[in-house]
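The structure appears right after this line, and notes come after that.
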Amino acid sequence: MVKIAVCGAAGRMGGRIIAAVKEAEGVEICGALERPGHPMVGQDAGYNAGLGAIGVAISDDLNAVVQACDVLIDFTAPKVSLKNLEVCALYGKSIVIGSTGFTPEERALAAELARDIPVIIAPNMSVGVNVCFKVLADVAKILGEDFDVEIVESHHRLKKDSPSGTAVRMGEVVAGALGRDYNKVANYHREGICGERTHDEIGMQTVRGGDIVGEHTVYFIGMGERIEITHRAHTRDMFSRGSVRAAKWVVTAKQGVYDMQDVLGLR
């Protein structure tokens with residue numbers, strides 16, 4: 001039985017992850033974390049998950065929770081995730097990170113901290129999105145240089161980072177398949193008289209509003225035709241179920257940084 005702890009247990013994703021752990025086989029919820037001072041600290045973690053009492057109180061003691069678990073699932077923010085990763089490394093515990101918005105420097109630090117433990121860092125835990133990553137690479141290689149690439153992503157009005165980590169990863173996948181450096185060809189802003197579109201650029205547009213769970217479309221636009229590859233998330237449950245699947249996988253992995261492509265055997 002894999003013992004799972006959840007960080008951000010009082011949040012939307014935290015609640016869905018706890019529910020996913022309770023419905024999955026071979027795993028159990030052994031800990032729930034929140035920041036010190038959060039009003040739900042001390043309350044049963046099952047209530048936020050819509051389960052009623054499950055006998056696991058929300059704690060603000062990171063060290064104690066990590067020591068008691070086999071793997072920590074973290075959907076918070078980069079700085080919090082890095083702190084959690086540091087503590088997991090201290091105690092030799094695995095961690096699954098679904099936080100987005102990491103800078104290149106933060107990614108490098110995460111890789112350094114993962115030298116002694118297995119770590120999964122994935123901007124999207126959905127099986128469907130990760131299949132899209134595979135498809136996008138294949139399509140980009142087939143179409144080559146004859147099609148322009150644009151990405152549009154839409155999320156709820158409360159999302160804090162832009163563009164989404166999933167959209168950035170899609171851009172990285174396409175750029176890599178085309179032999180381009182994503183950081184050099186990504187275009188996040190067009191306004192006014194900005195000139196013609198350059199051949200290599202990958203445009204990135206964001207939409208924020210309402211309660212959109214998540215929608216990503218990659219356009220391959222040629223002369224006289226275009227291909228659109230879209231993924232739409234209807235609920236957060238596929239993220240939470242994917243994170244539990246990742247947690248079950250990572251506890252048997254060797255030290256290092258992995259993503260959902262590794263979990264799903266898509267490499």
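Just so you know, glycine gets a Cβ as well, placed from its N, Cα and C.
Here the structure is a predicted model, which means the values were calculated and not measured.
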Out of Glu34, Glu150, Glu153, Swiss-Prot lists as part of the NAD(+) site with Gly8, Ala9, Ala10, Gly11, Arg12, Met13, Gly98, Ser99, Thr100, Ala122, Pro123, Asn124, Met125 the residue Glu34
Nearest by Cα to Asn124 (NAD(+) binding site), of the recorded positions Arg35, His155, His156, Lys159, Thr166, is Thr166
With the fewest other Cβ atoms within 10 Å, the residue among the binding-site residues Ala10, Ala122 is Ala10
Expressed in Å to no decimal places, the gap between the Cα atoms of Gly165 ((S)-2,3,4,5-tetrahydrodipicolinate binding site) and Arg12 (NAD(+) binding site) is 18
